[in-house]
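Below is one structure, written out as C-alpha cells; the observations come after it.
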Amino acid sequence: MKKILIVTNWKLNGTKKTIKKLIKKYKKIINKTKNIKIIIAPPLIYLDYTKKKIKKINIELAAQNIDLHLSGAYTGETSIKMLKDIGIKYVIIGHSERKIYHNENNNIIEKKFNLVNDNRLIPILCIGENYTEYKNNQTKKICIQQIKSILKNTKKKLIKKLIIAYEPIWSIGTNKYPKPKEIQKINKYIKSYIYKKYKELHNKTIIQYGGSVNINNFYEIIKQPNVDGTLIGNASLNGKNFVSMIKQIL
Ligand code: 13P
C-alpha cells in the first residue's frame, strides 16, 4: 500500500471549541493509519492551541502562511523563526487564495518557498491553472512554468521533502474538479518532470491533489497511482465526514 499524505487546510475557520471537537473526531482514525500521515493547517493564531490538543497523537502541523521578513516593523505578520520556535514543520506556500486576496505573485512565492527551505522546514507548494487555461489544455505547461520559476534558485540539497499540491484554481471551493484520470495524468507529468530535472529529489517528492475533495470523490482520486495525497479544505472541517472519508482507505 502506498504512503498517503493528507493535509487539511482549515483556512479562516474555527474557534477553540470547534478545534477541540474536530481533533476529538480526527483522533478516532489516527492510530489506525499506518501508511497515512495527517497534517493540519489551522489558522496561525490557533497553531499553538492545536499543538497542545494533538499532544501524543500522530498528527503534524502546518502554517498557512509566513511573512517574507524574519523580524522587524511588519505589523500583523508571523515569521518563519516564530513558527520554528513553536515547533511547526510545514508551511503552505503559493495558495491561490493568497494570490487572489493578497496579490502574491511568483516572485513572492519563490522567496517564501526558499525562506522555508533555507530554514529547514518543509514547504507545501500549491500550483495549478485557472479555468481558461484548463479549457485550453494548458495545465501541464502552467504547472511546469510555476515549478520552474519557484524552484530556480532553491538550494536543492537543503530540500528535506518536496511536497507539491496540484490545486486547479477553478476547483477550489467550487465542487468542480478534473476527472480523477486527468488528475492522475497531471500528477504523473509533474512527477516525471521533477525526476528528470532534479535527480536528487527522487524519493523525496510527494504530489498531492487539492480542490473540492469530498467524501464522494476522495477514494477515486486517492486511488490514482500518482496521487500521493490530498490537500483538503472544506471537507476537513466536518469531523464526521472527514473520518468517514479516511476510513475508505484504511
Ligand atoms: P476545498 O477543499 O474547500 O475546495 O479547498 C481546497 C484548498 O484550497 C485546500 O488548500
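Each residue, glycine too, has its Cβ placed from N, Cα and C.
Reduced to three states, the DSSP call for SER212 (substrate binding site) is coil. Within the same chain, residues at least six positions away from SER212 (substrate binding site) with a Cβ under 8 Å of its Cβ are SER171, ILE172, GLY173, THR174, ASN175, LYS176, TYR177, ASN234. For ASN9, TRP10, LYS11, GLY173, SER212, the entry in TrEMBL reads substrate binding site.
Sequence-distant contacts (6 or more apart, same chain, Cβ under 8 Å) of HIS95 (active site, electrophile) comprise ASN9, GLN64, ASN65, CYS126, GLU167. HIS95 (active site, electrophile) falls within neither a helix nor a strand when secondary structure is assigned with DSSP, and so counts as coil. Sequence annotations record features per position, and here TrEMBL assigns active site, electrophile to HIS95.
Reduced to three states, the DSSP call for GLU167 (active site, proton acceptor) is coil. Marked as active site, proton acceptor by TrEMBL: GLU167.
Summarising the environment of ASN9 (substrate binding site), the number of other Cβ atoms within 10 Å of its Cβ, over all protein chains shown, is 26.
Within the same chain, the residues at least 6 positions away from LYS11 (substrate binding site) whose Cβ sits under 8 Å from its Cβ are PRO43, GLN64, GLU97, GLY233, listed in sequence order. In sequence order, ILE40, ALA41, PRO42, PRO43, GLY233, SER236, LEU237 are the residues of the chain that are 6 or more apart from TRP10 (substrate binding site) and have a CB within less than 8 Å of its CB. Residues ASN9, TRP10, LYS11, GLY173, SER212, recorded as binding substrate, reach a greatest CA to CA spacing of 14 Å.
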